[in-house]
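Per TrEMBL, repeat 'WD' is recorded for 105-146, 356-398, 406-441, 471-512, 517-558, 559-600, 601-633. The domain 'U3 small nucleolar RNA-associated protein 13 C-terminal' annotation in TrEMBL covers 654-787.
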Amino acid sequence: MTEPIKEIAPARSVEAVYTGGTVRWSANGQKLFSTCTNVVRVIDLEDNSASYTIGDSEDELRITCTAVDKNRNRLLVAYNNQVIREYTIPLDPSTTKPELARTWKTMHTAPILVLEFNEEGNLLATGSADHVVKIWNLVEQQCTHTLKGPSVVSAVVFGKNEKLVVGYLEGQLHLYNIMKGAPKKHVNTWNSHNSHITALLQVPDSRVVIALSRDQTMSIHETETQETLRVLPLYESIESGAIGHNGNLFTVGEEGVVKEWVIETAKLVRKKRISSAQIDDISYDVVSNRFLAVSAEQNLIILDFESLKITRQIVGFHDEIYSCCLLDKNEGFMAVGSNTSEIRLYNTKTLDCQLIRGHTESVLSVVSPSWDTTLLASCSKDNSIIIWRLVTTSEDSATLIPLLAATGHANTVTALAISNSAKAPFLASVSSDCTIKLWGLGDLGKMKDVKIDAERDLVEQLPKLTCSSTMVAHGKDVNCIDISESDALIATGGMDKLVKLWQIDTQKMQLGIGGTLSGHRRGVGDVKFAKHSHKLASCSGDMTIRIWNIAEKACLQTISGHSCAVFRVIFARNDTQLVSADSAGIIKIWTIKTADCESTIEGHTDKVWSLSKNRDESEFVTAGTDGRIVVWKDVTEEKQKIEDEKRREAIEQDQTLTNLLSQKRYSDALIFALTLAKPFCAFKVISALMSEDSSEELSASIRRLDMRQIEVLLQFCVKWNTNSRTSPVAQRVFYEIIHIIEPDRLVSMPGAYGYIESLLPYTQRHMDRLDRAKQDVSLFDFVWRQMRSAV
């Protein structure tokens, strides 16, 4: 593409779908209802484009918990002002969105932390931080029980024969009899745990309730006899549990492992690690025979029941994104480095995501060479670099296989760049230790897969790259790096306000000093070589972009226009344009020759850390601190077509109006002008009608108008009446209207009173002006007569 970019627009984006709280299954097991701050996001597991939002994102209230009844036709949402909203879920949510059925205030004095339906769905238990559980009869719409406990309510479950078991933050378990007319509500207390009760589960077809706790044990209780059957060790702080269709217990906790237990004996049947972080919740959907696990890093993980294999991963919320990179020859995948240790691998079409474990701290940069888009290099705050290969497992699925690791930097590896040619491939890295390192990549095609132990550090198990050259690059942290198209030069930028150039000897794989570019007044955020010219662009915290001549090491141009620090810049359109992004989330498109800003877009709400483009520059990808990934499409051509079409339509309309006027078909011309809502055209037509010999022409034309056209004409009159030059036309039109249309019919028109009120003050002003003119004429006539008589 060679045409200049004038405007870009979002084509698709990765937004937050889960920010903590509860996630519920839909009736058919194909959708999830997840909490996202102040709205509920409905995630379609089969089709991402069918996902939607329940609630108002502008609402200041925050959701504390949600619940879906057994029949999955009602969704209850509790907010931090202790109000509950009930939404009706249609049988087919893809065609009809859930609607708000009712809202009620619970009278709790602290946020509601637990919502739980009974098996029939006619009772609801609300547990709060005010130590109180309330039972609500949803049929009669009233509170039937208020049960005061010893501490914050953490779990609730309805038992058989109208029993209720409540778990508390300090480890107590209370058994309540909620039968109508029961002489005693609180019937028993179990002190089997000494820590937070995280989950209560009703064993199907029994009167047994299981309690899970952070004290690494589970207790089994009989609600009818009120006895504790057994207390069994689980050797892990448990966060949540679920009972599968085989009757076994599945638990998750701080280890990030799903474990299956035989309930009666606490015998461990199987286990599988699915996350490097703690797992906060697990739930089972019997319809789809799948588990949903929610990690502490706010990722949603779908598991197959039989194999515990991960079938789908959804990133609930990107805390902060540092880097994005398109992979594969068709750019069908995108690697994302963020404020977590995993690399997020997205399918760019379906936006399905996989979490690739390897680093132990935040991933700061991901890059891929143009000569092999299946290769990926990543660097992290753990001071390491990993080389990966993209392996497609199916048409829409792929994964990253680790090949090599590089260690040697003494501090955070901040940025990477890979050579543009495969003849002598190399990797260059910069770090907060102020150094630049050169790594020869050799023949990666001959690399064999390494057997990886998931329990051990990945970097320690991989073959190591050898550093061929190391140089102290800057006096402070090095932020960025780029390699010239010929692989002869490397540019780096640092917090010492300097851009440094480095020569590369690809035969010996050695670095040499190439020069220094000074001029920025703040730290340099990014550097980029032009592809087809000897130019270099750099951006800085001093809010400017500088274009440098590499050969002369001189600044050719300084581009100003950003109002805050510029973090990223790239060349576009054969090096004739720049795209830049700053710390306020603003994206700008520049034409280098004139230094003109072609477009300014509010792309993000916070810092933009990543700015990249696809091969043909038809799309750009940005991401940053707000956790959003936005794919921008070049819409210059589309906008131009729309503008050309509007211009063509305007010319055609003007020609039609001119033809009608030349043919003296004034009535048709007036209808045409009002239909197109063109005030000036209507003014021209009415002026022509008023200049006709017959005074009935205007009246006859207005009689042909319908009420909608009369309303448009009144709107025009209000505008015309504000100007003394056009007011005669407005007054004449209004005169004709009030003589043609009955007063009652005119007043019944929407906004009629507003039109009249707008006309009155200016009409009075015009009347006063005419009175003064009349007086002036009379005075002039009197003076003239006196002068004539004197002569």
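Note: Cβ is positioned from N, Cα and C throughout, glycine not excepted.
TrEMBL annotations: computationally assigned, not manually curated.
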Calculate the per-residue pLDDT averaged over the domain 'U3 small nucleolar RNA-associated protein 13 C-terminal' (654-787) and state the result as an integer.
80
Would you mind splitting the repeat 'WD' (559-600) into helix, strand and coil residue counts from DSSP?
0 helix, 26 strand, 16 coil
Which sequence positions outside the repeat 'WD' (601-633), separated from its termini by at least 6 residues, show Cβ-Cβ distances below 8 Å to it?
1, 5, 8-16, 317-326, 331, 334, 336, 346, 348, 567-570, 572-573, 579-588
